Amino acid sequence: MDAVNENGKRAMKDDSHGNSTSPKRRKSRHISALILARGGSKGIPLKNIKMLAGVPLIGWVIRAAVDSNVFNSVWVSTDHEEIAKVALAWGAKVHKRSPEVSQDSSSSLDTIREFSRQHREVDVICNIQATSPCLHPKHLTEAVELITKQGYDSVFSVVRRHNFRWKEVEKGGDCSTEPMNLNPACRPRRQDWSGELCENGSFYFAKKELIEQGLLQGGKKTYYEMKPEYSVDIDVDIDWPVAEQRVLRFGYFGKDKPEVVRLLLCNVSGCLTDGQIYTSASGEEMVSINIRDQIGISMLKKEGVKVILLETYPIAKALAVRLSERMGCPLLHHMDDKLKEVERIMVEEKLEWKEVAYLGNDEADVKCLELAGLSGVPVDAPTVALNHTKYTCHNAAGHGAVREFAEHILLLKKKAKSQMEQDRICRDAF
């Protein structure tokens, strides 16, 4: 039977090696996701943990892998401590690769084989590219079934391209180029040509036996076709802004639906302000706020999102009261147990955690950051907060972080609403 791809078409199989393994051979397989994230990226330094749309790059694929629920284990192979910390924070295990497979000349297969040899319990490895932030759980779920249910030995992701290719000739030479996949006398229209399948590099599933032979694609092999909008790869800095826009539209943001956010809880010190209290010559205490942050709060309120300000530092209480009056938002202060107080508010408002957005900045916020449907911290927040948030702002506290997070909430709400409208369309009517 031919494999089914994302577009509902049949994927072609290749039995050329005759190494097909029956899915009945073993009732249970250990399937691992393996994300390669070397610290010495030449194109973009520490690219794998650079923030993309508020999430470390590897965070996008780790989240997709974990939420797919098809893997017995999800690993990040790295030689860098900071990458390891981020991987653990996002729910992956860490494989500390050896110096021998951490060189510029080391291939992905070298690293995968090292992992395979050190983890004998693993039967199938899915090498997921860290630079594919638009990967969704459903892509992995559907692809793994080609191995577990249809008996394929290796599966890799592809995208359909409609590019006309020409033979390369030496510069300065007098040789004529020739077409490689078209007849210029009968140039096809796009709609009349099915295009060509090209690897998009998102993932490669392979059984352990193939990997030990030095192959990621072999035996009874097939492809999984992904739509172009999900086929994003990042190699150089110039790709970053383009990828960010693509991710905001087509990326996977987790199981919780952002359109249900009804309440934003926002710290005053360390989020709305930069955490500093200024003293005038006359002894008056002052703080500064960014007008963009005030506008951001107004934008949320206009869209029906309630905003409550939080302040835990007694010295800043009077200033926080003045800010809450200026913002037109309720203020909660003197909280010995922030989590308990937030849950009390949720009961009063009849809300669940998935309906709450939380902007925090310190250790006292960690539990709320973890539980909130959408959470964020300013870029200058302490590491303990950065490691437990779903979104990290590009802007610092008191310098536009609140406005940025507000825009992120509204963008996800718009994205989800658009998807809901698309889901209501009756495709049979076309």
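Positions of Cβ are set from backbone N, Cα and C atoms, glycine also.
Just so it is clear, the model here is predicted, and its values are computed rather than measured.
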Swiss-Prot substrate site partner of Asn48, Arg97, Ser106, Ser108, Gln129, selected from Arg38, Arg63, Arg117: Arg38
Pairwise CA distance, Gln129 (substrate binding site) versus Arg187 (active site), rounded so that it is a whole Å: 35
Listed in sequence order, residues with CB under 8 A of Ser108 (substrate binding site) and six or more positions away: Leu36, Asn127
Number of other Cβ atoms within 10 Å of the Cβ of Asn48 (substrate binding site) across all protein chains: 26
Same chain, 6+ residues apart, C-beta under 8 Å of the C-beta of Arg38 (substrate binding site), given in sequence order: Asn48, Thr78, Asp79, His80, Arg97, Ser102, Ser106
